[in-house]
């Protein structure tokens, strides 16, 4: 066998590595306390539809959200009036600031603004406000777009107006395409998904047949390895293209996916597909299609590397009908992320996982593969529950928060029942049934926690016991917080720091706003902690209230390169700003560690 026989294989390998490398390069490093400037976290654009109508779009970065009730429109001059805004439904989120459920938007927001008989050009001013999941709330942002009532064609997209409180800090301009997602973790997850998909009952029996078609009857082990890998890479190219297409489609479908009917239709599709995984019906291509595709693949030379790659691409459609439901769930996830690069990398990893057993068979390691049996049926059922979870995840943005928590509870408990968690194990049960029992108990407890949380007033499935914690904190007799001295301008801060330096005391400057959810959490959960109060006993406590978002407030935020509250700046006893700062919400333990790093144990008195 000559080296030239491996050239097509090498080209396929290079293509696969190039796809993965491009996806990796798309991920910048992001520190835990780096936040996007508001104009990048909430990218504003607008297009004039006709003389009176403007379509407004916000591209919301991953890890950020906007408030529905904070959206408002105005005109300059103010004589122009507008029809009432028709905003799409948002995701319901419990807001600690207002102590009620509020609607929020993620990923994308599209709505139209209609002026009432505007005769002359005017500027449309859109006011919006949003927050980051990590705890920072931005001041209200005003974006401006020029409207020409006589315009007959769409105007170009508007440039965003720099929001109040933005700064030139380099760290805040680090943009994360995945919103902090880990591409390596996503690749490993989809690689494992591909392995699991291969071991479903309708795919595993086909591995020896496919191996015989690809490798041929008289291939050496080296030749078999080359042809098998080529087959897998051919299949991977198809799946990668599907993943990229799903990501690109997701970018264009984000606005449509905010519609409750569209979300409901996708969720219903996931439920229908899950029924196939539970064995209620068989899902596969029509017999005529499968026959024609098989004939086309059989006409190719069985032992050629290039032919194997083409057959791998064809087999992406005919090899595994059982893969279709789980693949649909994966594509639904990719489409919602709206990231084409991640979509391609994820599906490439999944196809590689699906191809590993085929390569093992091709090189003669078929004896390492498990036999088909009952556990493979269980694997299909696991995917069925995953698809039900995908359905719930898709429709969750339009569900009331309490209903979403109840639905997750029902799904988790149903999975526990399927694992026979509440059935007695025989005395001679093996390790796998016992492991299933353990997993079932964990699922049942997780479902019970959701029910307890919703009964206690929790409204977040990821933090189901938040209501219990709020009730517990409210019941504490000693919930006194620290007392701050209010400052309103840069000059007042400088004067207060100089006064503290004269007495040899360090300073802590806290940024606060009434509309800041995480500020309320810091006030209620962190600054009321006895250990925090003790550690701050000898520290001069300043607080800048930037609720009004006036000129002095913006100057203060800019002075310390902040986008918004909550944030805490420290000064040592000599008046020097400490390199350590707190951005976003921190619980008492974490805040104490930050305080001691900033001021040292000598100045930040440790609690006893």
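Heads up, the Cβ atoms here are built off N, Cα and C, so glycines get one too.
Of all ranges given (193-215, 469-491, 492-514), Swiss-Prot attaches the label transmembrane segment to 193-215. From the options 160-182, 344-366, 528-550, 551-573, the stretch Swiss-Prot describes as transmembrane segment is 344-366. Of all ranges given (400-422, 584-606), Swiss-Prot attaches the label transmembrane segment to 400-422. When the alpha carbons of residue 131 (disulfide bond) and residue 519 (disulfide bond) are compared, the span between them is 12 angstrom.
Here residue 137 (disulfide bond) comes close to 129, 130, 131, 513, 515, 516, 517, 518, 519, 564, 565, 566: these same-chain residues lie at least six apart in sequence, with C-beta atoms under 8 angstroms from its C-beta. Every protein chain considered, the tally of other Cβ atoms within 10 Å of the Cβ of residue 519 (disulfide bond) stands at 28. Fewest Cβ neighbours within 10 Å among the disulfide-bonded residues 131, 516: that distinction goes to 131. Over the domain 'Thioredoxin' (464-600) the predicted model carries a mean pLDDT of 84.
Residues in the domain 'Thioredoxin' (464-600) partition by DSSP class (helix H, G, I; strand E, B; coil) as 61 helix, 23 strand, 53 coil.
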